[in-house]
Amino acid sequence: MLRAASNFRAVANREFACAKRQLSKTTRKNATAAATRPGVPRDEREGKEIYTTVGIDHNEPKFDKILIANRGEIACRVIKTAKAMGIKTVAVHSDVDSNSLHVKMADEAICVGEAPTAKSYLRVDRILQAVEDTGAQAVHPGYGFLSENTKFAAELEKAGAKFIGPNSKAILDMGDKIHSKKIATAARVSMIPGYDGEIPEEDFCVKVSREIGYPVMIKASAGGGGKGMRVAWNDKQAREGYRLSKQEAASSFGDDRMLVEKFIDNPRHIEMQILCDKHGNALWLNERECSIQRRNQKVIEEAPSSFVPPEMRRKMGEQAVQLAKAVGYDSAGTVEFLVDSQRNFYFLEMNTRLQVEHPITECITGIDIVQQMLRVAYGHSLPLTQEQVPLNGWAFESRVYAEDPYKGFGLPSVGRLSKYVEPRHVDGVRCDSGIREGSEISIYYDPLICKLVTHGDNRQQALDRMQEALDNYVIRGVTHNIPLLRDIVQEKRFRSGDITTKYLPEVYPEGFQGTVLTHAEEKTVIAFAAALNARKLARANQFLNQNRQRSTHVASFSKTYKFVSSLPAKEGQRPTEHAVEVSFVDGDANKAKVSIGGKVIDISGNLSLSLPVNSIEVNGEHITTQIVGKRAGEITVLYKGTPFKVQVLPEQAVKYLQYMKEKAKVDLSTVVLSPMPGAIKNVNVKPGDMVSEGQELVVMEAMKMQNSLHAGKTGRVKAVNVKVGATVDEGEVLVELE
């Protein structure tokens, strides 16, 4: 796989102001792209990339300028390819995104409104005005937002600009899940049993669900990305699922039509990437496995799938192409299938856009999908035949989110990235991101930080590289889901390929609790923390004596330092305390012998508390750790993705701990707290109402997802502290019970 590179001149920073309800425009200096060899370039900030082995013909006719109607990582991704092809780029942004990376990377930038997507990125009129003002010849919609909006595609065509995606009729045919099922059936694509029509209200939803037979999947006809979807196992869940999904669909897509189909228990989610042009050519670019999901949203994807043999791959690909040709498809798209344990596959939906997880297909085929979208939109034919599409190695994508994985596998988090270092130095790593150190993760948009991609000669190598990359990924300032990702990639079932869409609840039935360490690993973490503390004390002892001569150094690092250390215990248990002794080998501050429980552990490396990443040797084995917290008597060590608070106290300090009172635990069953920042959509109770345990009290929306908040006990409502439309912070008390 070639790793293409080029250097871009630095672009001067510019502030972009956005007047309320008014379109404003700012043009920046052009950035220069000089590709040193075929492929997609990088700028100096980005390090090495993995995109494509297909070259760029700079003599081929192309667009002069395109506008990217999106934000974040996907806008940056499109800009990179456009620049490599010599195409100028225009970014659009909301007022809060004025200093975002995609704005800085583009040649021009236009502010299209306020932070809420409905007032900016979804404003078709303002995007069209930006196209006219900048003279952009075409628009790439990315994914989400307007990417599957037929009105937008049609309006662009009327305005004389190209939509870098499929024609509006294909979007309409495939975007409506009810209509797309009928087309897929006619195209002889394998189908899931279900009701072929719109579900108008709750009672009818229950009636249809009973006829199909529980469990059923209730989902939005215009949906995607896991939004507007619920699984129901009984009448009660069908009613609630219908109502919540309908509200979510209206909010996310502006279309609340619902459908119901049979839910296939324990399926795999496998999709086929397709690429079509306007000359009747259509290719399938092999499959991606997307079974690791939470709330119907993908967490880790891989390509190819370990479950799909060559003949099945061919059949899935051929059916995907049959469907594409049936609707006159003419761009990149994805046909999604559910696959049962017997390798029967059923059509799920077609995404008429560039898929989030497209990078792993690019890694195994060497085809830059964005490049081909730009070529096809201009009118060129595809450069390959089906026989020329390769399958080289294996690739994984981990979606790194600003989410708390300990809360429902990932409740969104907000904040500013105070420290941010991507692991681009690791072999076979690609990082698709739209943020940088100092960027803000807000409540208005998807909390995706980065798509971390690794490629290897085989599945094992790609997984090992992912493990190393996650260990070296430095993120401070926001809560993130790397602990969950890191635990998954080392978990036995996942590494063997034994996965379904139920993987997360089956492997983590009580929710994600963090990586469980073996006794040997516990001692490794404790020994490392003790060695760090001993080095800190030794250096402090040097400064007690103002004589900086070598003799002082030797004395400080020749002592044996004694501690009592422990890791947090499970609730209701006392932590196991370990007597630890640390000595330095020949006075070397970076070579320590740690005695713990009668076992000696040799640790070497840069034993510094100030490094973002510590790469060390423990008894000759290489491990990577991070120090993510420091306070008196405690060091928080990030090991295998999970933070562990290690208590490291001098012996004399331990005796005083018995006099320290523990904090009284707060009874949280009497209050309903906001689990994250967001907006209140529904309040279902008022003061004085009697409620039962588990009853829905409040519905809130954050980062385009609706969350139902329930009573923690049976009782009377004492106070309701919020109203519909209110914006709340994490931990805010919404409802109080007596």
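Each Cβ is built from the backbone N, Cα and C atoms, and glycine gets one as well.
Residues or ranges marked as active site by Swiss-Prot on the basis of similarity to another entry: ARG353. Around ARG353 (active site), a 10 Å sphere centred on its CB holds 26 further CB atoms from the protein chains shown.
Marked as ATP binding site by Swiss-Prot: LYS177, 209-270, ASN296. In the three-state DSSP scheme, ALA232 (ATP binding site) is classed as strand.
Taken from Swiss-Prot, the feature Mn(2+) 2 binding site applies to GLU349, ASN351, supported by sequence analysis. DSSP classifies ASN351 (Mn(2+) 2 binding site) as strand under the three-state reduction.
Residues annotated as Mg(2+) 2 binding site in Swiss-Prot, with sequence analysis given as evidence: GLU349, ASN351. GLU349 (Mn(2+) 2 binding site) counts 20 other C-beta atoms within 10 Å of its own C-beta, drawing on all protein chains shown.
The annotation domain 'ATP-grasp' is assigned in Swiss-Prot to 181-378.
Marked as N6-biotinyllysine by Swiss-Prot on the basis of similarity to another entry: LYS704.
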Least buried by Cβ count (within 10 Å) of the binding-site residues ASP256, ASN351:
ASP256
Which residues in the same chain, at least 6 apart in sequence, have a Cβ under 8 Å from the Cβ of GLU240 (ATP binding site)?
ARG230, ALA232, GLU696, SER708
Within the domain 'ATP-grasp' (181-378) only, compute the mean pLDDT.
93
Check LYS177 (ATP binding site) against DSSP and tell me helix, strand or coil, would you?
helix
Out of LYS177, VAL216, GLU248, ASP256, ILE264, which of these binding-site residues is nearest GLU349 (Mn(2+) 2 binding site) by C-alpha distance?
LYS177
How big is the gap, in Å, between the Cα of ARG353 (active site) and that of LYS177 (ATP binding site), rounded to a whole number?
15
Mind telling me which of the binding-site residues VAL216, ALA232, ILE264 has the densest Cβ neighbourhood, counting other Cβ atoms within 10 Å?
VAL216
